[in-house]
């Protein structure tokens, strides 16, 4: 025979409310509370195989113990004095007295002492030597072998007597059945509370946000969201919770046990509810639907957070920036933006984040996990939202239309970001350089430039990138993959954005217009660079010669002059060029192709820029004016040469005689004089001349004679 060790006491299972909490209970809830407490006590007595004094137990069963009409009284005796403090509460014309928090603490302590005195007489069955322990919820914590097995639920117990008690609880009659859903209850009061769910009856309203509840206890718990009250503290770390259940869930974090494992991906969770919510990722199920906008969510928590979007009232305001929030927790998280606090740390790389969801997104970068696959093309995504947007690409569905230009978008956020292109709004500013962005995502990407962060490395060449998309585009250079094809001309591209921009060549669309001169461009970046022509800003400086440029592309092209790099080679003659456009124009010389024709005189040119310069001959336009003497020129090259006359600058020097010359053409003539070379040949007589000028003079004389 063994005695019960660490058996549960009545104080352990007692649900003790404070006076304020008790005042919030209505009549039906108080009756339900009474019945539950009495049943807990009966269960403990059955475990002990003894009972209290008959008068004491009947005293506990009387309703006046739980709901009194008069003021403070003293009544009853249980192994000593039990002080009963009565309180009158007026509600709807009736008086319903409530016993106080201190009263029940005293009663539960006395009942526990009485139970402790009975421990020595507790007898176990001879079935097993090891006792079991009963926790505060009257569930069984098994210690060793469990030979006795329940017939109904297959639950195992260490002792037959406890098994008998368990079977009694299992067989307890639930005589009150809901007509709507068939759910059964032991008490009629519990059934009445449950029926409010079907009727949609919500008697209790929140004064702050107007949310309605069908139970006053639910309202009380909800109000803690607005007040920030967290009465349940973790003894390990001191973290507070608004609900007792939240504390129970949190305590399992300290143990580290994750018994619930997903069969699909093997991910482990502390609670079964977390596993069920996670499994909806694989199934795609979203059972929680917003009544206002019909948007669906996987969890009720996400639905509740979404509901705040529709709430007009945002009572919690930030003192620093004035931004308002519907939840106090959201305000607390927002304050970290101002304080710079980042409480969520990545264990892989040590990076910290303000928001937990940002940490979750970041961790996927390390794991590379992409659990969401497109059935059409097999493409994988990290998030279900990414897959949802991608599916619309195959279906061609563009639900969201821009009212300005009629352009369609797959998501409302894309449309919202696009509309800023029309308004010019850039609400996201970089604190380092002051640059503005239309989207927060673009700002986050930009800030990596200041931090020098480039976490994505190419395995082929070792080059690093700040973004995964840039690495993906770069890898196509090595593989030669160009998955995006133009349906008009068949040209292929490595990026979808390049194809999108290229299509404007066929459509002639130039949506970006300069407000200064009216010139239009196919890309916003082209317009941005063009504006510097009017402002005169040249932010890109060459470190070799100090020359400034209005775009980084022009600077890169210029630097090839110093490095001598000419990566574009002509297969016909082997000549090299520093620009792709130059070799394209050069190839036309071999093919005698001159696609650009002057409408005035019919003269044709290999380059559009040549035609543009030639047309100034007909229009008389001379846009380049000398600030020194006021003389105007048709071309920038002649203007630059003319300015050397004023500055007395002679940059070109003959290597043979050391003579300094202003014009490159004069330098070439000088070098021909030194070498005796005659490169200009008359096609009629075959005579050669050192200079083109001499040949032109001869031809003019010949033409005049004829």
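From the backbone N, Cα and C atoms, a Cβ is placed for every residue, glycine too.
When 61, 267, 463, 631 are looked up in Swiss-Prot, the one carrying the note SUMO2 cross-link is 61; the rest have no such note there, which does not rule it out for them. Confidence annotation: the zinc finger (428-450) carries a mean pLDDT of 81 in the model. Below 8 angstroms of C-beta separation, residues 365, 445, 448-449, 494-495 of the same chain, each at least six residues beyond the ends of the zinc finger (456-478), sit close to that stretch.
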